[in-house]
Structures are given as structure tokens and as C-alpha cells.
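Feature table excerpt (TrEMBL):
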TRANSMEM  29-46  transmembrane segment
DOMAIN    30-159  domain 'EamA'
TRANSMEM  52-75  transmembrane segment
TRANSMEM  87-104  transmembrane segment
TRANSMEM  116-135  transmembrane segment
TRANSMEM  142-160  transmembrane segment
TRANSMEM  166-189  transmembrane segment
DOMAIN    169-305  domain 'EamA'
TRANSMEM  201-220  transmembrane segment
TRANSMEM  232-254  transmembrane segment
TRANSMEM  263-282  transmembrane segment
TRANSMEM  288-305  transmembrane segment
Amino acid sequence: MRGAPSKDSSLQKQKVRLVKVSHSLNKSTLALVVLILIWGSCWSIYKTALVYMPPLLFSGLRSLLGGIILTAFLIPKWDRLKWRQNWVIYTVSALINTVLYYGVQGIGLNLLPGGLFSVLVYFQPILVGVFAWLWLGEKMTVFKVVGLLIGFGGIVILSADGFTGAISMFGVILGLLSAASWAFGVIVVKKTSHKVDAMWIVALPSIIGGVILTGAGSIVESWTSIEWNGYSLFGLGYGATLGIPLAFVIYYALVNNGEASKVASFTFLVPLTAVLIGTLWMDEPFTYNLLTGLVLIIVSIYLVNSKRKVNPEVQTGQ
């Protein structure tokens, strides 16, 4: 019959459709790999830079520059900022997600190996589940409860060396405080996500918090103690270009393509990557406690993120 599609034509269309889906999956997978590498490698890079820069000044400048760069890309979407309506949200987010998280992170990285510190910080997904249950009314599933208990066991094992003096117990506390501030920041942003733009809630608090941290560093630290060399400049540049702007562009591209659950499910690869890089590149000790704690936290992250739909919450990133 005239006009009826041929069998060959139908097969050709199906092949084209499959090729497009395959290309889309390949792009998403590549983007996810890049995101994990950025977040996983930043710990050793920042640890190296902190040898030559005081922690508050380093954290402040990194956040400030990263926020400015991200804002430059958001200028065409200036109307989505809505500062007058949302200045309280931006300010609270700046204090929690930038000042507290990045500030504590900078100080803590001076006290612990980068890989170990990253494992402590990535207790965050488990804490998000608890905070969401307490303040957002989200369901506490069996998977979440088991994941929380296993993750807590991992933290206890990781902290064991702190009681013997082998590692800094204060550093362990700062690592957990970083995780808690990040998790609480996610809850704050999630609760106000209907009011603020997803990218502006990253860019503007980074600038506000960066100014506060840089100001605090200027008071309690010394600019003259900064050694401007390849290590400090690379660490600062890495955080200001890849750690904040590029990481969030990739993250929200994945979220917009419906890949938020995939990002959450593969979060465990970040501390694993950080530990491997720290061990191979920084010659950081790879102890039995670190291995055991890492495995338990990886399992807990998987359990917390399994069997549930994941909303595109803001990840503060590195």
C-alpha cells in the first residue's frame, strides 16, 4: 500500500533511536566519571596547597573565586536571583554550606590525611537521611536504618586511632562536623528549593561565605605566610575552577537529565577515589582501620541510597 512504512524504514528508525540513547548514556557516564574524579582528587590537592597557605584564607579565596566564576556564567539568568525575596536563604546557606563547611574542612585537612578526612566527610549521605527524617518528614526505611548503623560502625573504627594518639581526634571531630554541616545545608536548600534557583544557591553563598572566610583569615591569619608557588596556585585554581563551577555544572546537567539517583548511588566512589589518590600520590598510610571503616561507609552509602527515589538536592561539593 502507498504510504505504508516499509519494514526496513522502521528498523532504521529504531537503530537511530538506539544510537541516540547510547550516546546519551555514554555522555552521562563520562560526566559522572569526571565528577567523581574532581571530587575524589580535590582532597589531596587541597592538602598539598594547605602546606603553603593558611586554611581560612585558602578556603575563603577558593570559595570566593569559584563563586565569582560561576556567577559569570549565570549573568544571563540574573532574573532568577531574586535577592530581595531570598536574601535570608542565601545568607543562611552561605554560613552553613560555605563558612562552616569549607572553614572546618580547611582546618581539619591540616590535621588528618586527605583520604581519611574525605571518608569522614562522606558520612554526609547517611546524615542527610537522618536529618530528612527528623525535619522533612521523610520515611525512615529499613535500608536507611541498617545503613546508618553500619556507617556509624565505620566511623567508630575510623576514629579508633584517635583514642590511641595515632591520629588527631580533633581532626576526626572536624571531619564529622564538616559532614554534619554539609548534610544540614542540603536539608536547608531542599526545604527552600521551591523559592531559589538551583545554581544561584551555589554561586551567591560561595561569594558571601568566601568574603566572610577571607575576612576572618585576614584577622586571625597572615597574608605574608602564604607561599605563592605552583602547589598553592594549583590548589587554589583547581578549587576555583573545577571544584566549584565545573563540578556543579556537571552535577546539575546530570540532575536535569534525570540522573540524580545515579549520582547519589555512586557517591561512595568519591572517598574511595580520595583514599587511592592519597595513598598512591601523597604516600598517606593505608591502615586496617581505614580499610575497614571505608568499606563499612561505602556499604552504608549504598544502602541509604538504594530502593528510593532521590531528589535533586544540592551537593555542596568540594
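In case you wondered, yes, glycine gets a Cβ from its N, Cα and C as well.
Caution: TrEMBL annotation is automatic and unverified by curators.
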Among the recorded stretches 29-46, 166-189, 201-220, 232-254, 288-305, which has the greatest number of Cβ pairs closer than 8 Å to the transmembrane segment (52-75)?
201-220
Going through 29-46, 116-135, 166-189 one by one, which has the most CB pairs that fall under 8 Å from the transmembrane segment (263-282)?
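Ranked by Cβ pairs under 8 Å, first place goes to 29-46.
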Do the transmembrane segment (116-135) and the transmembrane segment (201-220) come close, with at least three CB pairs under 8 A (pairs 6 or more apart in sequence)?
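They are not in contact.
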Could you give the mean pLDDT over the domain 'EamA' (30-159), rounded to a whole number?
91
Taking a Cβ cut-off under 8 Å, which residues six or more beyond the ends of the transmembrane segment (29-46) line up next to it in the same chain?
58, 62, 105-106, 109, 114-115, 117-118, 234-235, 238-239, 242-243, 246-247, 250-251, 253-254, 259, 262-263, 266, 269-274, 276-278, 281-282, 317-318
Who are the chain neighbours of the transmembrane segment (201-220) in space, where the CB to CB distance is under 8 Å and they lie at least 6 residues beyond its ends?
54-68, 70-71, 74, 81, 83, 89-91, 93-95, 97-99, 102-103, 189, 192, 244, 248, 314, 317
How about the transmembrane segment (288-305) and the transmembrane segment (142-160): do they have 3 or more C-beta pairs under 8 A, pairs 6 or more apart in sequence?
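They are in contact.
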For the domain 'EamA' (30-159), give the DSSP counts of helix residues, strand residues and coil residues.
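The breakdown for the domain 'EamA' (30-159) reads 111 helix, 0 strand, 19 coil.
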Tell me the residue counts in helix, strand and coil for the domain 'EamA' (169-305), as DSSP assigns them.
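The counts are 111 helix, 0 strand, 26 coil.
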Mind checking which residues of the chain, 6+ beyond the ends of the transmembrane segment (87-104), have their Cβ under 8 Å from one of its Cβ atoms?
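Hits for the transmembrane segment (87-104): 55-56, 59-60, 62-63, 174, 177-178, 181-182, 184-185, 188-189, 192, 195-196, 200-201, 204-206, 208-210, 212-213, 216, 314, 316.
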